[in-house]
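Enquirer: Sending over a structure as structure tokens; questions will come in a sec.
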Amino acid sequence: MDVLYSLSKTLKDARDKIVEGTLYSNVSDLIQQFNQMVITMNGNEFQTGGIGNLPIRNWNFDFGLLGTTLLNLDANYVETARNTIDYFVDFVDNVCMDEMVRESQRNGIAPQSDSLRKLSGIKFKRINFDNSSEYIENWNLQNRRQRKGFTFHKPNIFPYSASFTLNRSQPAHDNLMGTMWLNAGSEIQVAGFDYSCAINAPANTQQFEHIVQLRRVLTTATITLLPDAERFSFPRVINSADGTTTWYFNPVIFRPNNVEIEFLLNGQIINNYQARFGTIIARNFDTIRLSFQLMRPPPQNMTPAVAALFPNAPPFEHHATVGLTLRIESAICESVLADASETMLANVTSVRQEYAVPVGPVFPPGMNWTDLITNYSPSREDNLQRVFTVASIRSMLIK
């Protein structure tokens, strides 16, 4: 893997810097590095493809070296270099695609394609120039089972989940109380609602709670917490749990009271915040517990317009609603996760779809992330680490 990264890095630098008019002295070190790559690859043969619709291609390396000059690089020099660069880039692209479409239930962190296995040979180690990539570093840690942490800016840790629970219900569905939520990616939105606006609740207050268990532990998380759930702030028709009827939800938004958020690890509270919004920090957690209240305003605090919205008896045409939004902006995870700010999952999925790669023993059809993270396993983690690393290498050359 580190050889593939070095190839890609060298080719990227060469494509960017070996241009007509450049002083040779400014790129002499790069050209020496480029020539070392050519010397190492010359005389070798590789084969890529042969899975799904990815065509089989044979690669033979027999290229001349770039010479020295005391002057600027001229058009002939650059054209010679460009021909070599283009062939090498095409080769790296195909090696990456060949690797991205393969998977294995055992030792999925190791190269799976014949071409990358061959590049892992000792004689190609002379190509190693710069392995400072975060992906390469973490791939090596995972390969040696020495992982200490993998950083993502916005980890897609929540499988998609959109549903509701009713704490009070009737066949007519005209006086409901309960909770509805939408969890996806790195965001939770949850709303508590009461058609009667807590008219008969103790102290005219309804208590709501939403608990989310993560599939992997997160640490050092920067989180945004807002006293609103905008996705549940407009009218909608909702299917009943048994699918036999529908009910009408017409929210009027209140600000939540007595908001408390707990971050737990193995059942123990690690961080606890009360009535605090904006940016918060969670140190170490695998479970999030959100609790909040809907409080009916005292009659003397209601203007006539507000009192008309929430009568003391049915029918209840407007439904008191409170909500919260929790968004993980950044966190460290000891497992490999898709990241909202990166394109690795999209790159891997696109290549697998483009070449009609058959469903293998590890990944779900279409690389469905909700399925993948819901049933996350060590085998999936190993394979994800490998294909994401290859995707990051490919993205250096292929946009």
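Quick reminder: no glycine exception, Cβ is built from N, Cα and C everywhere.
This is the feature table in Swiss-Prot:
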REGION    62-73  region 'Interaction with the inner capsid protein VP2'
BINDING   His153  Zn(2+) binding site
BINDING   Asn266, Asp286  Ca(2+) binding site
Enquirer: Kindly report the helix/strand/coil residue split of the region 'Interaction with the inner capsid protein VP2' (62-73) according to DSSP, in that order.
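Expert: Secondary-structure composition of the region 'Interaction with the inner capsid protein VP2' (62-73): 0 helix, 1 strand, 11 coil.
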Enquirer: Distance check, please: Cα of Asn266 (Ca(2+) binding site) against Cα of His153 (Zn(2+) binding site), rounded to an integer number of angstrom.
Expert: 24
Enquirer: Over all shown protein chains, what is the count of other CB atoms within 10 A of the CB belonging to Asn266 (Ca(2+) binding site)?
Expert: 10
Enquirer: Count the other Cβ atoms sitting within 10 Å of the Cβ of Asp286 (Ca(2+) binding site), across every protein chain shown.
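Expert: I count 17 other Cβ atoms within 10 Å of it.
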Enquirer: Inside 10 Å of the Cβ of the residue listed as 'Zn(2+) binding site', count up the other Cβ atoms and send me the figure.
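Expert: So the Cβ neighbour count for the residue listed as 'Zn(2+) binding site' comes to 14.
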Enquirer: Going by DSSP, is Asn266 (Ca(2+) binding site) sitting in a helix, a strand, or coil?
Expert: coil
Enquirer: On average, what pLDDT score does this prediction assign to the region 'Interaction with the inner capsid protein VP2' (62-73)?
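Expert: Computed over the region 'Interaction with the inner capsid protein VP2' (62-73), the mean pLDDT is 93 on the 0 to 100 scale.
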